[in-house]
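These notes are about the structure you will find just below.
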């Protein structure tokens with residue numbers, strides 16, 4: 001894949017669109033014609049496939065370690081604090097690096113920064129794999145995740161560079177689906193590794209699942225998220241509207257957050273699948289709709305910057321969400337344990353390390369004490385769902401104020417995919433070589 005700065009902005013005047021609010025009104029006919037002129041070429045498809053391989057690797061990396069984190073910490077002698085930072089480093093490192101990588105890509109080019117981040121990701125993975133103590137794991141994990149964060153933001157920018165906004169939703173949704181399946185495969189790989197390399201079994205605290213079953217339990221949410229995201233991308237590309245997906249997505253997430261509160265220790269697998277469906281569908285709809293809304297509301301030339309900003313805010317929000325939910329869990333879990341005489345003396349210690357409690361619960365014999373601590377754990381998780389319900393309801397109300405902008409914008413980009421000879425980049429909308437288009441324009445002026 002070769003990306004180089006566009007030497008000339010060539011656009012049909014009839015395809016120009018400004019970011020004026022249109023209340024989601026259908027764009028002008030000529031805008032639809034201009035958007036429909038873009039077709040993915042073989043070279044584009046090959047480049048896009050290579051990018052999806054990279055995003056799958058990053059997604060697997062982001063979720064494979066947490067599944068085996070408790071037993072990994074035990075084998076390498078890591079403390080509870082080190083285990084916490086090994087999982088949290090992904091969000092922090094990837095958040096911090098994204099603005100820098102995005103800015104450097106505008107200066108040095110997307111391809112160079114993609115190579116740098118891919119090399120850093122491979123190097124960090126190698127360091128983590130060869131680690132013999134937990135400090136080295138933290139170093140490798142930080143390098144790995146910071147490079148992964150750079151890859152994530154570059155993929156968002158590259159899709160904005162290569163594809164007109166009217167068609168962008170479909171390709172963003174494919175990217176989201178690949179990320180979803182990668183995050184689903186990560187826990188499976190990490191859990192299988194933890195289970196079959198003579199490490200201790202890691203069971204989910206409330207349901208007492210094995211490592212692999214704990215990962216499989218997330219598949220319904222992942223599958224729903226993936227196809228909902230792809231459906232929104234396809235529909236938005238056809239009708240050139242996106243606000244319906246924002247409203248529907250936040251409504252489903254709000255409803256789904258409340259329904260998650262119904263998850264209890266006695267919940268069956270069939271009930272679990274149906275209870276998690278609304279949340280998965282809503283999250284999938286928002287994955288595609290939000291970035292379309294942000295890019296439709298900016299000038300075409302700034303779409304790459306908008307994509308980078310959106311990626312940064314999304315990861316930053318995840319970091320805040322982890323921190324807030326962690327505090328909620330700790331406070332509620334400690335309060336519940338304080339009310340249990342047999343656990344009151346260790347309430348503070350247990351509430352500070354949720355992963356430690358998982359192993360403790362697994363080692364306890366069946367009985368009333370085990371049932372009580374499982375119920376306390378379940379109640380603490382329920383408090384997280386209620387907190388998520390409140391935030392989602394607020395977001396759903398605020399989404400009603402989002403204006404509708406035309407998605408049939410002219411495709412203005414700083415960097416383009418080189419088609420054929422490097423000296424002759426192609427206009428991504430018309431499919432005509434820039435040099436040839438300039439010659440045709442000169443001939444017209446001479447006439």
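Here the Cβ of each residue, glycine as well, is placed from N, Cα and C on the backbone.
Just so you know, TrEMBL annotations are computer predictions that nobody has curated.
As recorded in TrEMBL, the features of this protein are as follows:
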- 1-32: region 'Disordered' (REGION)
- 1-12: compositional bias 'Basic and acidic residues' (COMPBIAS)
- 13-25: compositional bias 'Low complexity' (COMPBIAS)
- 44-63: transmembrane segment (TRANSMEM)
- 45-447: domain 'Major facilitator superfamily (MFS) profile' (DOMAIN)
- 113-131: transmembrane segment (TRANSMEM)
- 143-164: transmembrane segment (TRANSMEM)
- 176-197: transmembrane segment (TRANSMEM)
- 209-232: transmembrane segment (TRANSMEM)
- 244-263: transmembrane segment (TRANSMEM)
- 269-294: transmembrane segment (TRANSMEM)
- 306-329: transmembrane segment (TRANSMEM)
- 382-402: transmembrane segment (TRANSMEM)
- 419-447: region 'Disordered' (REGION)
- 437-447: compositional bias 'Basic and acidic residues' (COMPBIAS)
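Highest Cβ contact count with the transmembrane segment (306-329) among the listed stretches 113-131, 143-164, 244-263, 269-294, 382-402 falls to 143-164 (criterion: pairs under 8 Å). For the domain 'Major facilitator superfamily (MFS) profile' (45-447), the mean pLDDT of the prediction comes to 78. If you look at the transmembrane segment (382-402), the same-chain residues 6 or more away from its ends with a CB under 8 A from one of its CBs are 243, 246-247, 250-251, 253-254, 257-258, 260-261, 263, 293, 324-325, 328-329, 332. Long-range contacts of the transmembrane segment (113-131) within its own chain (CB-CB distance under 8 A, at least 6 residues past either end) are made by residues 54, 57-58, 61, 65, 76, 101, 104-105, 137, 139-148, 150-151, 154, 158.
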